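Engineer: The structure under discussion is supplied below as structure tokens; questions concerning it will follow.
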Amino acid sequence: MQRARPALWAAALIALALLRGPPAARAGSGAAGTGPVVRCEPCDARALAQCAPPPAAPPCAELVREPGCGCCLTCALREGQACGVYTERCGAGLRCQPPPGEPRPLQALLDGRGICANASAAGRLRAYLLPAPPAPGNGSESEEDRSVDSMENQALPSTHRVPDSKLHSVHTKMDVIKKGHAKDSQRYKVDYESQSTDTQNFSSESKRETEYGPCRREMEDTLNHLKFLNMLSPRGIHIPNCDKKGFYKKKQCRPSKGRKRGFCWCVDKYGQPLPGFDVKGKGDVHCYSMESK
């Protein structure tokens, strides 16, 4: 029996490793940590009996377990080979990493544009997503202006110490008027920048809705939801397989879950199942002739 490509839990584990830090642990591994825990069904004799024979040794240098909660063995990817959420695992001592300098590392892994590289460099993954710390001593313009205003306010009474001096009185009034104009200008600048920022945020949200397809929006909503979970259920989460434009790829899969074998089906670009394909069907489903590029 042909096995279905196990896509779901590889996506969940990689997404959590990137977004939360520590990798997800299997329930029976006994690994301690604060990361989320994935509870997989046991790989007993009944589950292993449903696996196809492992690949022969010459074409397969190393055997590894299926991604996620799968129980069967498959060929491991070698160093330098392309990898991602929907591919097989990298070999021992290797980890799937986004290309160096990739501006969107998580999307690169979802698109299968990662590279199997030495695991000692895997700690760099989080650096792609962590925002740069603010430079020390960087204050806002309004804080600097307030400091200047405070210094000017402290110096202002000195102009009143000269008795019966009309010249100093005129200068004092001029200074007060100038300061008032400066504060009004700063207040207008802050209000204008705030309105401009709100307009840009609204425009970016509108642009996201129009540019990203339904599959991409579902995937991002699911990954955002995973940030707040401390425990994952293999039955409760589905991460779709999206193309580069954010629409659904023709082939969607559910992974193996211990005793329960995975399955695949074909959909259109909006995620609707195509007629003639049984969603619960077993074995491999060939949608490649219709695969969107």
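In case you wondered, yes, glycine gets a Cβ from its N, Cα and C as well.
Below are the features I grabbed from Swiss-Prot:
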- 1-27: signal peptide (SIGNAL)
- 36-119: domain 'IGFBP N-terminal' (DOMAIN)
- Cys40-Cys69: disulfide bond (DISULFID)
- Cys43-Cys71: disulfide bond (DISULFID)
- Cys51-Cys72: disulfide bond (DISULFID)
- Cys60-Cys75: disulfide bond (DISULFID)
- Cys83-Cys96: disulfide bond (DISULFID)
- Cys90-Cys116: disulfide bond (DISULFID)
- Asn118: N-linked glycosylation site (CARBOHYD)
- 132-166: region 'Disordered' (REGION)
- Asn138: N-linked glycosylation site (CARBOHYD)
- Ser150: phosphoserine (MOD_RES)
- 178-213: region 'Disordered' (REGION)
- 178-192: compositional bias 'Basic and acidic residues' (COMPBIAS)
- 193-204: compositional bias 'Polar residues' (COMPBIAS)
- Asn201: N-linked glycosylation site (CARBOHYD)
- Ser203: phosphoserine (MOD_RES)
- Cys215-Cys242: disulfide bond (DISULFID)
- Cys253-Cys264: disulfide bond (DISULFID)
- Cys266-Cys287: disulfide bond (DISULFID)
Engineer: When you measure from the Cβ of Cys116 (disulfide bond), how many other Cβ atoms are you left with inside 10 Å?
Structural biologist: 23
Engineer: Compare the Cα of Cys266 (disulfide bond) against each of the recorded positions Cys60, Cys71, Asn118 and report the nearest.
Structural biologist: Cys71
Engineer: Are there residues of the same chain, six or more positions away from Cys242 (disulfide bond), whose CB falls under 8 angstroms from its CB, and which are they?
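Structural biologist: Correct list: Leu110, Gly213, Cys215, Arg216, Met219, Tyr248, Lys249.
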Engineer: Give me the Cα-Cα distance between Cys43 (disulfide bond) and Cys96 (disulfide bond), rounded to a whole Å.
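Structural biologist: Pair distance, Cα basis, whole Å: 25 Å.
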Engineer: Whole-number Å distance between the CA of Asn118 (N-linked glycosylation site) and the CA of Cys96 (disulfide bond)?
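Structural biologist: Per the Cα atoms, Asn118 (N-linked glycosylation site) and Cys96 (disulfide bond) stand 9 Å apart.
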Engineer: Ranked by the number of other Cβ atoms within 10 Å of their own Cβ, which of the disulfide-bonded residues Cys60, Cys253 ranks first?
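Structural biologist: In terms of Cβ crowding, the pick is Cys253.
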